[in-house]
Amino acid sequence: MGIKSSFMIAARSLMRRKTKNLSAILAVTLGVTLLVGIQITTDTLENAFLTSLLQNEGEVDFKVSNSTTTGYLTAGDKETITDIAPSAVGIMPELTMQVPAMLGSQYDDSVELAGISTNYPQAFGLFYDWKTGNEMDLDALLVSNTSILLSSKQAKKLGLDEGASLPISLTTEFTNTTGIVVEPPTISLTDWTVEPTAATTDYTLNSNPDSLSLELEQVAYPGMMPSLVALFKMNISMLSLADFDYINVTATGTSNVQVLLQFSLDDGSNFNVTSLEDKSLPVDVETLNSLSFDLSPYAERMLRGDAFLVVISVDGMPASIEISEIAFETSKPVISYSSKIERTELEVVGIFDSKRPGIGSQYSGAVLRLEHLQQWLSLQEREKELDRVSSYLVALQTNHFTSEISEEYLQEQVDIVEAAIPVAVDPDTGDSEKIYSVDSARLTFFSVAEIIMTLLSTILTALGLLITITGVLLITNVQLMNVEDREFQTGVMRAVGENRRGITMSMLIENVFQGILGGIFGLIGGLAFGQTVASYLVSLFGTGELSVQPIISQQVVIFSVIFGVALGIITGILPALRASRVNIVEALRGIKVTFEEKSGRNLVLLGVLAIAGGVFVLLINGVIDKSYEGIWLVEGWNTLDEWRNILIGAGLLFSGLGIVLSRFISRVKALNITALAVWGAPVFLFVVAMGEWIPDISGLAPDILIIGVAEIVIGSVLLVSVNLSPLMSALRTFLVKIKGLKGVGQIAPALISSHKTRSTLTFAIFAVILTLNVTVATLVPTNLSTIVETEQDSRGIDLVVSLNIPEANITGLSYVEELYKLDNHIVDVIGFKTYKSLTNYQSYLAFADPYSSEFDYQTDLLPLGYGEITSEQIRGNATDSLDSNWRYDFYLSSFPDDINQPPVADVTDEQLNEMSKQAWDLFFDNSYTMAAYNVSLSEILSEDRDLGDIDFTSFSGYAGYELEDVNVLRDENDSVIENPIVFTDSFLLPIGIQVWIPMNSSETGFPVYQAFTVAGRLDFQRAGGFPLSSFNFLGGGDFNFMDALGNIYMNKYWANQTSFLAEANGVTSTSKAPNQYNKFLIKTTYDMDDPRIQSIAQAIEEFTNTDDEGYRSLAEDNFYVASTTVLYSRIEQSLEMTQRVVSFLQIYVTFGLVIGAVGMAVISVRNVSERKREIGMMRAIGFPRTQVMLSVLLELVVLGIIGLAIGVVNGVLISVGFANMQGATLVIPWNDIAVYLGFITAIAMAAGAVPGWFASRIPPAEALRYVG
Amino acid sequence: MTVITDMKNEYSKIEDREPLLVISGLHKRYSEGKSNEVHAIRGLDLRVQKGDMMAIMGPSGCGKTTLLNMIGHLDRRSEGKIIIDKIDTGKLSDGQMTAFRRDKIGFIFQLFNLFPFLSAVENVETPLLLQGVKAGVAREQAKMLLRELGMGDRLYHLPSELSGGQQQRVAVARALVTEPSIILGDEPTGDLDSTTSTDVMNLFRRINKLTRQTLVLVTHNRWIAEQCDYIVHMTDGKISHVEQGPFKTEEESK
């Protein structure tokens, strides 16, 4: 019989065996649903995240700005840029500046004003009104230099809603420079005196404001010698010669007069307007009168204030000269400027939707017409050039919102443009430099998003993978049942002459059909699932910014159907093969195919291979890879990388051993050894090693976790499976003693142990899912310390106040003192200086040497914030490390290298205090330096990361490095590079990394970089973390990714070298005076959760934020805004956030539980229908209906409970590992476990009761007639 | 007419003794009220005395098995009355019926219907456990009985590991173990070869003689039927006639 008959048989069995087919299809459906759903969720999340990041970029792919000292581009640069960026579809000029803004009583510390040309290219899209959605006509709206468009983002921040009627006036400050035209100065002609020694003749000097007249008498020997008089003049005004072009002298005199006129300069040199020696300079009065002396060679100089005049009568005869004017002149008027900050009212003429596609989405501030902003900007500086733009924006394609630009293409284009930038030669140094710089925020976002998504999707994929396993288990289970209950039929088919291939074929055809149907249904289910979870996610993390459209990639659709079919086939192949091998006679007689007791030869070979593989992997530690220690050493068990190999090696070794041994000893014994070893290895890791041996678990990677969890689950399931018979006979012994359950006890346990494979698969589903569930459920209480602990850990800091700008620098006015005055319950206020610029890349932190040729400021700079921590800010008794106040307000979770020894797994508070104190001592020691290590951020940011590189221990250090595993950096002379140290609260920075901080703006306006080693990380887990860490604001209101990057903290010495934390090198616009703070930590006498703290916070805000009152009146500045954060509510928020994350994970894993439930129902229905006959027998020999039902139920309940027990034990063991890792107390969520128990019992009841009830209702005679 | 006379004679004879099973006016209709209604038993009366060994014979579809299922209360009757051991089963609830079946009736099936996942001894002890007998006691009784039936060396084998005859012995043991009032056999030897059949029938006769156990066997094997005390012949859901034994002994038939 051929394929045709296979088809016929398959078709017939598909038609006839409806329940069974449906259950198989359902199983595939569930599996595919899981897979597709998880994939869609992950994709959607990633896309939503990336979109929200990229949306800020509108249609802009990169921008080109001036990289030379002038800092600006002009209209003329557009042509050059067009030439070097041939692929651009749009280029537009943009000018930006930051201004403070006040709308009514709402303040924002700074608003970005962007000047854009209103005739920008189509490629950049349009502006849309946020209310009506209509296209905005920029030309009609932006009519004057006070007309602005506000972005909807900014409008919301300023408290506007869509009902606001326009125009609204927005107050801002512009630096206004006013100039007065200065009359060209003339050299005063009074007060000229004769230098006594220089006179060689008699003279008459008459100097008055109008003229300087000098008459020389005849000398004794006229014709022989000239007469000479030298005059000098002090106190000429100090005059910048840059303002003047030439000197004009108005003089009359006799023809025999010669004149020398000399001016001294600020650098000690001088210049002659006329010269006696230099023949090129005329000396006679006539030419002096008509001469314009060119001052341009001296444009950079100042007059020192003295001049020198020599008058000679060449023939010694009487002579006279009258100078009526010595004037400094210029072709342009000389203007004297004075700068003043002035209030300006801008009119908001429209509000555009900054979430709509188009250029508008790029702006979160306000938009002006380019020429208007140029006008405003020109007021700020003396430079009167109107024609200047900050940068040219370049778009490479027209619609980024519907088709995202490829990262590779963008990078390629940026590289092309970068290579084509013209070079200019610096006339002073002779160095050549590129005149433009190109930067693409879009590219940065790509890589940033990648980090976050890799983390997130790794976790999700790991979970998803484990959950999908349950789906596979379910399908296999159902397929296995298919074969089991078809053995008879197969026997008949074989008996009537169907060959093995035919049987396999007909079963495969069935499976493919089921797989396709299941794949399609699964796709639909997965879409629904993905959509639901994705929108739930948005409600969980919702900032309202994420647009969540489920992302259904074509691959997912194709993949899911293929996966369904493949799943059907793969899970079907084994049973089909088994079916085709059926012994005809045995099948017809109903003899169950049982496992061979001993391993066959092929199997033994496989076992030997596994043993060899296992031994090889184990030998990697210490033998093959010398960087690991061997497992025969104690040290060989103390790093996670060593454990990775131990886990894999032990797993392989013992699996192989079990297979080989079962050829010689009984399979049960052999497999028991395997199961115990496979289960024991990771348990040992979690429970013992993580607690005691492994000092640093910060590098726990998901792959170790997945391997560990997989081995725990496999080991435990195998262990229970091989011991199922004794376990069940124990259960039977117990049950048959109970009256009314004797019959049930006789049947149910025997049934379970007779279908060992099926039973194992069933409880394995629950074991996997519940292991995950219990682990996740345990994570919450274990991970989070209670409020009480938090209160202790916070050391009494109740409140954080942030000022939008540093406090006023007015003598006798201190914000700290003002705060003390506000409420006498405030007992301590500590002021801090922090600084962060999101727009000025010259203040960004560099991750590579900015002076090296390889430095790429697109990838090597990140906008981290800076802060100063001084020793005065840390309170307490310095000599007493037990003083809980001492240096404990700011936790350090890592320390400079030489005090981080030897690390103790469980650090007591005293030890932590002591270590923290030592670390702070080093921090405050300017002369202390620490080696920099070979860890780089670019490696972390690069794409070729694998799972092992990612740190899984929450966000406490995205590093994956341990200092002992990496080398110190050496310079070209091979000496260790040592730098001063800084601390950080950024999760991004690995400890030991070398960073460069722009210390100050030099004269040229470019930063001077200083290298540092990141030596310690401020704890942001305990007590809600370091109170200033911006990371802690995650989940509370607006999520700003850039803020979450964190800060670098310097000691006072280094903070003083920067202009953004101190007056490093003269006052600049960013520099701060000592004690000019902008953040304040406040302790009160109240308990942490006292609501009165909220009142203090309100009082502070009222004091600071009321116009012309309180602090605003004291500082005479109505732009001050204080925002307060009550630490308790922040901790609550972060608790809530963690709970949200966990509840999201719960939903994820609970889906597995649902699969388990449905699977159980499927299995139960199948069980009952195929056991109709046995049920008939039971009824025939006197089983009451209740006991029939009970035995159906009991089977499921027992399997469910075995699964639960395995899950709880495994989950708790894994959680012990987590608790060890976090140093937290393990809290077992008994409530959740009780819920799971209830859930499983309920499922088993529901799944078993309905078919059981129907079964018990069938008249026994009918049930007995049932065959297969 | 002779048939009727014979039957009357039978009944008069039966009345002398204690009637264990009394059936009167029994009807069974399958798919009642539907177009495909089958009237399997059409007003049947029967009495069986305690200790009788009775065979029911008849062509296929005459209602033999249906009648047996009615007696064994594996199926509901459409109308009529069945009294077993002085109990009118019509008044029993489902629970009482199950207990009745457990205590009063032993079944032996053509396909043995042993629980495939229970060993021989477990199969046998199950009815005892259902009666609430202590597990240890039940196990002992089951073992004893199996040993008596010559299955002492097969106590812990699964049915699939036993031959047909052995399986049927286990089935017999299971039917006997509760010492029911009546044992019903539906083609108990139908699946067995003639030698094994003989063994099983000898077993039945021995049991019948030793314990005065009432046996009702359905068969279409004349030879099997002749091992019984009398044969009830059925056609079209009714008893056509009763053939009174004794028939030829085993030796004679050979």
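Numbers run from 1 along the shown chain.
Glycine too: its Cβ is placed from the backbone N, Cα and C atoms.
Sequence annotations record features per position, and here TrEMBL assigns domain 'ABC3 transporter permease C-terminal' to A:463-584 (among others).
On the 0 to 100 pLDDT scale, the model's mean across the domain 'ABC3 transporter permease C-terminal' (A:1149-1260) is 79. Annotation comment: TrEMBL describes A:1149-1260 (among others) as domain 'ABC3 transporter permease C-terminal'.
TrEMBL lists A:451-476 (among others) with the feature transmembrane segment.
Annotation source TrEMBL lists transmembrane segment at A:515-537 (among others).
Feature annotation from TrEMBL assigns transmembrane segment to A:557-577 (among others).
For A:603-623 (among others), the entry in TrEMBL reads transmembrane segment.
Remote same-chain partners of the transmembrane segment (A:643-661), defined as residues 6 or more beyond its termini with a Cβ less than 8 Å from a stretch Cβ, comprise 599, 603-604, 606-621, 628, 631, 637, 669-671, 673-675, 677-678, 681-682, 685, 689, 694, 701, 703-704, 707-708, 711, 948. Residues annotated as transmembrane segment in TrEMBL: A:643-661 (among others).
Under the heading transmembrane segment, TrEMBL lists A:673-694 (among others).
For A:700-722 (among others), the entry in TrEMBL reads transmembrane segment.
Positions annotated as transmembrane segment by TrEMBL: A:761-780 (among others).
Feature annotation from TrEMBL assigns transmembrane segment to A:1147-1168 (among others).
The transmembrane segment annotation in TrEMBL covers A:1188-1213 (among others).
The feature transmembrane segment is assigned by TrEMBL to A:1233-1255 (among others). The list of residues near the transmembrane segment (A:1233-1255) in space but at least 6 beyond its ends in sequence, with Cβ under 8 angstroms from a Cβ of it, reads 766, 770, 773-774, 777, 1153, 1156-1157, 1160-1161, 1163-1165, 1167-1169, 1171-1172, 1175, 1188-1189, 1192-1193, 1195-1197, 1199-1201, 1203-1204, 1207-1208, 1263.
According to DSSP, the secondary structure content of the domain 'ABC3 transporter permease C-terminal' (A:1149-1260) in residues is 98 helix, 0 strand, 14 coil.
Spatially, the transmembrane segment (A:761-780) is adjacent to the transmembrane segment (A:1188-1213); three or more Cβ-Cβ distances between them are under 8 Å for residues at least 6 apart in sequence.
Residues 24-41, 44-45, 48, 548, 550, 552, 557, 560-569, 1144, 1147-1148, 1151 of the same chain lie 6 or more positions beyond the ends of the transmembrane segment (A:515-537) yet place their CB under 8 Å from a CB of it.
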